[in-house]
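Only one structure is covered here, and it is reproduced in the block below.
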Amino acid sequence: MKIRTMKLREAHKSADNGDTSMCSILWSSNGDRIVTASSSDNSICIHDVISPSNAPKLLRNHREGVTALALSPNSSCLASGSLDHSVKLYKFPGGEFETNITRFTLPLRAVAFNKSGTILAAGGDGEGIKLVNTIDGTIARVLKGHTGSVTSLAFDPKSEYLASLDAFGTVIYWELQSGSTLHVLKDIAPYNGCDAALMNILAWSPDGEMLAVPGQRNDVVMYDRDTAEKLFSLRGDHFEPICFLSWSPNGKYMATSGIDKQILIWDVDKKLDIDRQKFSECISCMAWKPQGNALAVIDVTGKYGVWEPAVPSPLKSPTEDIPDLYSKKSNGFLLFDEEEQPSASGNLSDPNEDSLGEFEPPSRKRLRKCSKYDDDWEEDCGDELESIPKAESHKKASHGHKDNPNGKSGSRNMIVTTGTKMQEAFQPGATPAQPGKRRFLCYNMLGSITTMEHDGYSHVEIDFHDTSSGPRIPAMTDYFGFTMASLNENGSVFANPCKGEKSMSTLMYRPFSSWANNSEWSMRFEGEEVRAIALGSAWIAAVTSLNFLRIFTEGGLQRYILSLDGPVVTVAGYKDELAVVTHSSPTLPSDEQMLEIRVLNIPHGTESLRGRLPLTPGSYLTWFGFSEEGQLSSFDSKGVLRVFTNQYGGSWLPLFSASKLKKPEENYWVAGLNASKLFCIVCKSPESFPQSTPKPILTLLDLSFPLASSDLGADSLENEFMMINMKLSQIQRNIEERLASGHHTTSLDDEAFNLETSLDRCILRLIASCCNGDKLVRATELVKLLSLEKSIRGAIKLVTALKLPNLAERFSNILEEKLLNERAENNVSVRPDVASAKLFTAPDICKASESVVPSPIHTLPSTSLVRKQNAEEPSKDRNGKMEENETKRSEKTIDIKTGKLKSDEVGETKKVDQLNVSRPSNPFAKPSSNQESSSLFDSLKKMKKGK
């Protein structure tokens, strides 16, 4: 295909500093005029196409550059949005100024009329999309849901939906009657950075059946009108992202412009590019001529021109067979018929407005479209299927809401994430804003903070799950519009994004108790937005859009300001520790987020951990925090919970996987966890977060490793085995830390001994399963992990009862080897009858099992605990002699039938060489070296001489 070029002429001056500008271009409905505007010029130009030599008419009512234009369907009214935060209306084509229809606190980026011209939608950098009644200028509704600047707005031709797109590539379907969100498609359009001249755009097909959005792969993706499912894509010779697109009047063709400075004309049905033009600058905006075969274009320097013919002449004209819906006459500003004029209140749910009643509710198109695009899927699926956003069908709410059993209009948000965009910052335990509904600013294991907006301010309430332990906190009136909060036993902290003309972000701390009367404080950040906050013991942390980590004391002293390595994702606090998650690099082509974690000790000014935060491939982080015991934990969008331990130099262990529950209809919104349970709120798909009213019910789920299906069929035992080992590792760390700091470890020692006993019970049951399943090698591996001598003897009796003499002999050798190693290392006294002969031999198994003399408990060297010899030594008298412990001791024995340990009271035992052996009161302390003792090796030599 031959690439053509065309010359453009200047309509607006480019920016003084040489930067590019966001330029707009429109055709009048009869095709005799072209309207242009530029963000670097405060004037709007109306060009006479019939007499191009005539100077254009200039409209200079804005104080700053014009960023958006829209014409009512019958071209009787022109709307413009500007960097000066205002939206103005003019008569067209005369250009007489009519009114300032509305104002925003930040610059405008997009304006659009509905089919009849009675409603104007406007959005930009500020919060919310305003729907303005063009008759009396009243605000019919404000739609809130975007986190980034709104760059494009489009009413569907049937005036049932409004589609909006923001700078981060998120598309939202809005239902006009209820003002609720039908679908939220995240990260489906490219992110063009801070270049204001290259803003994302979306457009409905003329028949209203498809929504076209620029894709992440230099393509255009078509989404279904009702289900928001991907239908197909147009992918051709654009080698950089598409920044603008425009449907031909009949919907057969589409024009796309890319950052690669070329325009492609597409045959939509065939999915082929049929023509192209090359330009010296990127084309910022395009518009098809309503009558004829022409395309008006304008580039980022303010130069415009007309490409004619845009569609090669042998092909069907772009204005032939225009859909009736599109060409139907409609009213415009100040030219309303009485029967179609909306009510003065501008209520979008008024059935007379916009002729909403003249169309029957749309049927679901999915089945019909599936058959229509079967061939398209075969061509398109390939490697694209993994990045296709899926959305559940939403039935359109009826005018009377008869089909809604709960009596609630609209539907809840449905979030679909795809693409390669880096995850935005989020606050753990916070839910998205929903107009007219109470939502959570914070929800954790301690309590919750809720807010509800009303008449420009919000009502904030703090509740504790255990009302008897937490203080009673009075409700608060919020005039700042807080969107995030954090809560602990000492107080609460709040923050909001940038607001107002000065773009200020606010951080406020409220302690629950203080000796001072006015202990509450707040901080303001100009041109810097708070992205995430956390609380700890006597400190408050906030991370901002400048990648600053700001640390404050409880009294409000600004203590530290640190620069982070990348954009923040989230933060969490626990006592002295602050954990910060940031992006370490852009997202990988496989859609994997590259996240880094740092754990800081705030009082000591040290860093205790730094490394990668693992996520399931293709997922993003949904919750992050500490367990009740202080273990760092994370939960991703694939339903995998990970907990950090010190095993293997510091590793993340997967302790829960939603896929193992096999309940795809459920989503789990995490509130916290403890050593054995995950606390979450179960949300029915497609919901991903709970409503604050009625109060949600916490569900407790058991922590378990996502084990493979074992050939033993003992998955629960294997999971118990791994969970106890993990807890022992954690206790080992705590014992080491307490010993290093000079503290007593008695309570931890007892807890660890109980865990080791439980672990032995679990291992014995596993050994029994291995023997029954003929997995003898695995049974031998397990017996080596037993901690108590009596446990190994019980294992020997177990395999003897199962008539496995060879395995019993192996177990005996393992016990003998362990005793030898223990005596050699610790120099502990032993009983001569234990050391005098080989414990078991294969021919004498049965005899040995009957005649073996019960011996006192002997604890083998623990595989998981570090003991200090001087942790707890037996007490001595003044002469240095050991005091004998004359109390009776509890002895652990093993029930062969059940394979479980049981306790028996043991009296006096037989003595061979009058050697008194007793277990120290501390099971993790080594016996004193002052005791009279002999090694097992010496005992064996004596026995040999005796023979």
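Keep in mind that glycine also has a Cβ here, set from the backbone N, Cα and C atoms.
The annotation compositional bias 'Basic and acidic residues' is assigned in TrEMBL to 389-405, 869-913. The compositional bias 'Polar residues' annotation in TrEMBL covers 915-937. Positions annotated as domain 'WDHD1 first WD40' by TrEMBL: 18-306. Annotation source TrEMBL lists domain 'WDHD1/CFT4 second beta-propeller' at 424-707. Among the features that TrEMBL reports, repeat 'WD' is placed at 59-100, 143-184, 235-269.
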Three-state composition of the repeat 'WD' (143-184), taking helix and strand from DSSP: 0 helix, 22 strand, 20 coil
By DSSP, how many residues in the repeat 'WD' (59-100) are helix, how many strand, and how many coil? 0 helix, 23 strand, 19 coil
Across the repeat 'WD' (235-269), DSSP yields 0 helix, 18 strand, 17 coil
Per-region confidence, the domain 'WDHD1/CFT4 second beta-propeller' (424-707) (mean pLDDT, whole number): 91
